[in-house]
Amino acid sequence: MDQRNYTRVKEFTFLGITQSRELSQVLFTFLFLVYMTTLMGNFLIMVTVTCESHLHTPMYFLLRNLSILDICFSSITAPKVLIDLLSETKTISFSGCVTQMFFFHLLGGADVFSLSVMAFDRYIAISKPLHYMTIMSRGRCTGLIVASWVGGFVHSIAQISLLLPLPFCGPNVLDTFYCDVPQVLKLACTDTFTLELLMISNNGLVSWFVFFFLLISYTVILMMLRSHTGEGRRKAISTCTSHITVVTLHFVPCIYVYARPFTALPTDTAISVTFTVISPLLNPIIYTLRNQEMKLAMRKLKRRLGQSERILIQ
């Protein structure tokens with residue numbers, strides 16, 4: 001059939017996380033607390049790294065960028081989810097859906113590349129400690145961060161450019177709570193088998209490759225640390241363990257969603273909630289609870305703010 005005869009749908013309807021009103025209220029409270037904690041936790045990391053001069057190192061410079069990404073990434077889906085949990089109708093316009101997918105993959109892609117840059121940073125710190133500050137200069141760190149965002153942009157544009165030309169004539173019901181490629185692609189009024197393979201290659205296989213590359217990289221780093229001794233070795237192992245935990249929590253759901261045929265499974269909703277809303281919360285928790293230097297810096301900043309407040313009152 002000629003694609004010009006198709007009538008493009010004007011909006012999509014979400015089935016949402018649950019159809020139960022009672023459970024919706026419970027989930028609203030839980031996810032609202034998670035989202036607020038995500039914003040405050042990541043914002044606190046940003047402020048601490050910016051205000052504490054002894055944290056002006058490449059590792060914390062990159063960590064601040066990750067916090068910015070986590071705030072933006074969670075804000076792509078969480079506010080809409082919270083609104084829909086209290087709404088009878090859960091709809092989003094076609095243009096709104098495309099916009100959500102664009103920023104979702106832009107920030108998700110930048111997140112993946114940023115985690116790779118952080119692994120490279122740890123490798124240089126362990127393998128070339130005497131030249132670390134020279135190699136990971138402020139200019140180079142900035143360039144790597146910009147490259148991560150550009151990589152996310154290219155990845156997102158590739159997704160959207162493949163999806164936009166497709167005809168969408170109905171149905172318009174998405175069995176999820178946000179717009180993403182696997183669910184939207186299934187609603188196209190044409191054969192999408194080849195396109196699905198391209199999407200799986202772009203998202204899933206790349207996620208697998210980067211995940212294993214990062215695991216191998218951190219394994220090499222940990223093996224290199226066997227020759228180190230003292231407090232520096234303990235701190236380096238703690239930092240690498242935190243990075244490995246964050247990488248695993250990010251990539252396992254990502255691989256589950258994108259590295260398989262785009263067919264709905266009963267566990268999809270739970271995995272998606274973990275991936276989109278809860279994962280950005282875990283990053284600040286992991287990096288602050290396991291990082292004594294960060295915790296000491298936060299206490300120092302708190303004392304400074306307290307002193308400033310007393311001076312203003314006087």
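In case you wondered, yes, glycine gets a Cβ from its N, Cα and C as well.
As recorded in Swiss-Prot, the features of this protein are as follows:
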DISULFID  C97-C189  disulfide bond
CARBOHYD  N5  N-linked glycosylation site
TOPO_DOM  1-25  topological domain 'Extracellular'
TOPO_DOM  50-57  topological domain 'Cytoplasmic'
TOPO_DOM  80-100  topological domain 'Extracellular'
TOPO_DOM  121-139  topological domain 'Cytoplasmic'
TOPO_DOM  159-195  topological domain 'Extracellular'
TOPO_DOM  220-235  topological domain 'Cytoplasmic'
TOPO_DOM  259-269  topological domain 'Extracellular'
TOPO_DOM  290-314  topological domain 'Cytoplasmic'
TRANSMEM  26-49  transmembrane segment
TRANSMEM  58-79  transmembrane segment
TRANSMEM  101-120  transmembrane segment
TRANSMEM  140-158  transmembrane segment
TRANSMEM  196-219  transmembrane segment
TRANSMEM  236-258  transmembrane segment
TRANSMEM  270-289  transmembrane segment
Residues of the topological domain 'Cytoplasmic' (50-57) by DSSP state, where helix covers H, G and I: 5 helix, 0 strand, 3 coil
Interface-richest range of 58-79, 140-158, 196-219, 236-258 toward the transmembrane segment (101-120), CB pairs under 8 Å: 140-158
Helix, strand or coil at C97 (disulfide bond) [DSSP, three-state]: helix
Positions on the same chain near the topological domain 'Cytoplasmic' (121-139), where near means CB under 8 A and six or more residues out: 57-59, 61-62, 217-218, 220-221, 224-225, 228, 236, 239-240, 243
